[in-house]
Amino acid sequence: MIGIIGAMEEEVAILKDKLTDMNEISVAHVKFYRGKLNSKEVVLTQSGIGKVNAAISTTLIIEKFNPKLIINTGSAGALDESLSVGDMLISNDVVYHDVDATAFGYKLGQIPQMPLEFKSDQELLKSVETVINKKNYNAKIGQIVSGDSFIGSVDQRLTIKRQFPEAMAVEMEATAIAQTCHQFHVPFIVTRAVSDLANGKADISFEEFLGEAAKSSSSIVESLIKVL
């Protein structure tokens, strides 16, 4: 069983439409769609936006369905200048950009008693690299940062990039999903398509390109599942 999590309806609708033998299961406020995708058993859910929603849905999917791995799919704002709208980014690791316990000796972004970076499963990364090379996806592998804010100004973007110079993209759920997977010892990977450049026009770009970003991210998830 493979778990797939997206935050928004647009980010899961394409995959949901391609499920066969689908059953809908509701747990608390969350709906799960269990079926087959490319002949593989999967369970798909729309978590809702933000870190708490993501953590709740990840906990439920792990406890209820016991997936062997979790894929987080969706969109992100680019922080790295090499990324353009429509490009794909795969997580090497994920970090919170809105956590600060430095007063107690922790690094910026580090939850107390947790690692600073939550690293993607290396075998999953190898599988993704195989897919990228075979399908010629315009994709890069790098760090993704998460926080409970939509980054829609140049000042916000520059602040995050200054504090987390390795960060290539920013979004609102991935690190919460990764932390939950870390706690439950479940491998994870994040696939995000760039929907905006996290600048003063980010809100307009996001609305315009979310659909295309969802198509791109869903496509790489489908291709990845084929080789798992």
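Start at 1 and count along the chain as shown; that gives each residue its number.
Just so you know, glycine gets a Cβ as well, placed from its N, Cα and C.
Annotated substrate-binding residues in Swiss-Prot are Ile151, Met172, Glu173, and among Gly77, Gly86, Gly105 the one listed with them is Gly77.
Neighbour count (other Cβ atoms within 10 Å of the Cβ, all protein chains): 27 for Glu11 (active site, proton acceptor). Distances between the Cα of Glu11 (active site, proton acceptor) and those of the recorded positions Ile151, Glu173, Asp196 are shortest for Glu173. Close to the recorded substrate site, the chain also has Ala76, Ser146, Gly147, Ser149, Phe150, Val170, Glu171: residues not among Gly77, Ile151, Met172, Glu173 whose Cβ is within 8 Å of the site's Cβ mean position. Other Cβ atoms within 10 Å of the Cβ of Ile151 (substrate binding site), summed over all protein chains shown, number 26. For Gly77 (substrate binding site) paired with Asp196 (active site, proton donor), the C-alpha to C-alpha distance reads 5 Å.
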